[in-house]
Amino acid sequence: HHQQQQDAATEGSSSGRARRPSGASTSSKDSYLGSTSVISDSAKELCKAVSVSLGLGVEALEHLSSGEQLRGDCMYAPLLGGPPVVRPTPCLPLVECKGSLLDDGPGKGTEETAEYTPFKGGYNKGLEAESLGCSGSGEAGSSGTLELPSTLSLYKSGTLDEAAAYQTRDYYNFPLALAGQPPPPHPRRIKLENPLDYGSAWAAAAAQCRYGDLASLHGGGAAGPGSGSPSTAASSSWHTLFTTEEGQLYGLCGGGGGSGPGEAGAVAPYGYTRPPQGLTGQEGDFPAPEVWYPGGVVSRVPYPNPSCVKSEMGPWMESYSGPYGDMRLETARDHVLPIDYYFPPQKTCLICGDEASGCHYGALTCGSCKVFFKRAAEGKQKYLCASRNDCTIDKFRRKNCPSCRLRKCYEAGMTLGARKLKKLGNLKLQEEGESSSASSPTEDTTQKLTVSHIEGYECQPIFLNVLEAIEPGVVCAGHDNNQPDSFAALLSSLNELGERQLVHVVKWAKALPGFRNLHVDDQMAVIQYSWMGLMVFAMGWRSFTNVNSRMLYFAPDLVFNEYRMHKSRMYSQCVRMRHLSQEFGWLQITPQEFLCMKALLLFSIIPVDGLKNQKFFDELRMNYIKELDRIIACKRKNPTSCSRRFYQLTKLLDSVQPIARELHQFTFDLLIKSHMVSVDFPEMMAEIISVQVPKILSGKVKPIYFHTQ
């Protein structure tokens, strides 16, 4: 025994073994460390080498005293061989470590006495089995043996079979991307413990972690023995739509969604799965201590409340708990940015692409093309193209070829008979408006400025020319079809597509005849309530015209077949949308009927309490209904046939509203749990879904049906 103490005093050994003498006192931590604060150089080198390999800064360790380094910064502080040890004494017994990283030869050894401060219970995680070999019983008072290989790997992407062999091990809380456990056969929830205590000396090393969010790793790994289980009330509040997918709970820890074949065991480093919210973990990043989350997302720290979601909760939202439970449901528009803030009105000339000043002669044009068409169409001069009638007409070359410019005007639907349709944002009657403004209030004048000029048009009305001219073009979703289909990827692409289409819906609505004469609040409300129905109706038409209603043609780069319908977890909604698309073929809807029905769909959902100028809205809606009836009568001379056709089209319009409501419910539930299923919501989509959609779901906003439901 005397010989062992002499060996312990010898420096330069490489084994790094430290053993606690039997006579050491454990009553006082400070007195104990004060008497045994000498650390060998080899032990320091071992600690530094392991810290560097893990990406931890060594500079922060050098400023601490030897006792503080041993207490707070030794990476082997908890006992690695078993579950956390709970002892009445303030410190755990010494861990017995054998280091092979610095191997100067067998027989040499250095023994030092030290004491380690344990972390909070439930945070002990073991290093990867192939990186560190650990042995020891999990009982109190036992010592574990830690063996280091010649090369310490930073992280390892293992398979599920390899992870299953070590699934009973308590993992040590380090930023290593460890292979997670196999997905459970049944849904479960894992309790997230309190975050690490950053008041200790460990904070200095944690601040320099290469991933920058070491404080956020409290949710990684498997649940500790003391995690417990969620209550029945907590379990019942989970929506069944977002719980399981093919026997797997949202994918592996850190996976961020489903993965294709061959990727089941691949796990990326944790630092690359967090959203870019900052370089270091903040206090607000941690959830409440008793918040429960699905087991598959324990490696994802819940998002802090985003700025686009309100912070005031309505009484009917009390059943939604979690980070999004305090969502504010807007009752007034004081805190909502106007939709013009996101979508400034932009109109381009259909002839040359310059900024359009309004609808001239039945088409959106600039002032230059308006004057050119008037002179060219009324004049008797014949224009001939010097080339092949395919000249480029743009803002800078529109004067080069009058023949091609005039031809493009006719192709855009410009006619001399459309002069009565004035600027789109301001449908003013010159003489009638001036005379009525002096004798009646402004509101009465505005009500007379509806699309009354539309009445009396012939079988090819100018109204249809306007609808064809302002119809939005093709919008792509930006979906990467080379990646395997997953729930998160498909729904994120749909949300991005919805954001892009919403921009076109706003521009299209503002170009509709009579729309700008609505009260500005009514304009915003009508768009925000009807956008879902408009997109569903337009998507059904695209599916009918492009793929014969066999699939859902959301965008050229996002077409849903049967597999994607199931993968998106909205199969029932997709089936109803496909049936709507098939109705276009069964009823033989013409493009003119579709355009007028789509415009009428914009004016088919309003608040129960009414709009600011409800009377004018009703008059405008009635004019669009008359236009639909006039389009029907153009090709049918039999009144009975016209009535039957009007009945069919209005029934089709009514069928859009239940589909839109189902999608409203789906998107709202998805927004509530978006941070758990890795689905991205653009800012404007999140704003409308969180503020306006609840009004529809709660019954404060209802659609207008043609027929009794």
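Backbone N, Cα and C atoms are what each Cβ position is placed from, and that goes for glycine too.
Listed features, source Swiss-Prot:
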| type | residues | note |
| --- | --- | --- |
| REGION | 1-376 | region 'Interaction with ZNF318' |
| REGION | 1-347 | region 'Modulating' |
| MOD_RES | Tyr32 | phosphotyrosine |
| MOD_RES | Ser65 | phosphoserine |
| MOD_RES | Tyr76 | phosphotyrosine |
| MOD_RES | Tyr116 | phosphotyrosine |
| MOD_RES | Tyr155 | phosphotyrosine |
| MOD_RES | Tyr166 | phosphotyrosine |
| MOD_RES | Tyr172 | phosphotyrosine |
| MOD_RES | Tyr198 | phosphotyrosine |
| MOD_RES | Tyr324 | phosphotyrosine |
| MOD_RES | Tyr341 | phosphotyrosine |
| REGION | 341-708 | region 'Interaction with LPXN' |
| DNA_BIND | 348-421 | DNA-binding region |
| ZN_FING | 349-369 | zinc finger |
| REGION | 381-708 | region 'Interaction with CCAR1' |
| ZN_FING | 385-409 | zinc finger |
| MOD_RES | Ser440 | phosphoserine |
| BINDING | Asn495, Arg542, Thr667 | 17beta-hydroxy-5alpha-androstan-3-one binding site |
| SITE | Glu687 | site 'Interaction with coactivator FXXLF and FXXFY motifs' |
| MOD_RES | Tyr705 | phosphotyrosine |
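Mapped onto DSSP classes, the DNA-binding region (348-421) shows 25 helix, 8 strand, 41 coil. Within the same chain, the residues at least 6 positions away from Tyr705 (phosphotyrosine) whose Cβ sits under 8 Å from its Cβ are Asp654, Gln657, listed in sequence order. When the Cα positions of Asn495, Arg542, Thr667 are compared pair by pair, the longest gap among these 17beta-hydroxy-5alpha-androstan-3-one-binding residues is 22 Å. The Cβ of Arg542 has fewer other Cβ atoms within 10 Å than any other of the recorded positions Asn495, Arg542, Thr667, Glu687. Note: the CA-CA distance between Arg542 (17beta-hydroxy-5alpha-androstan-3-one binding site) and Glu687 (site 'Interaction with coactivator FXXLF and FXXFY motifs') rounds to 27 Å. Note on the DNA-binding region (348-421): mean pLDDT across this stretch is 84. If you measure from the Cα atom of Asn495 (17beta-hydroxy-5alpha-androstan-3-one binding site) to that of Glu687 (site 'Interaction with coactivator FXXLF and FXXFY motifs'), you get 12 Å.
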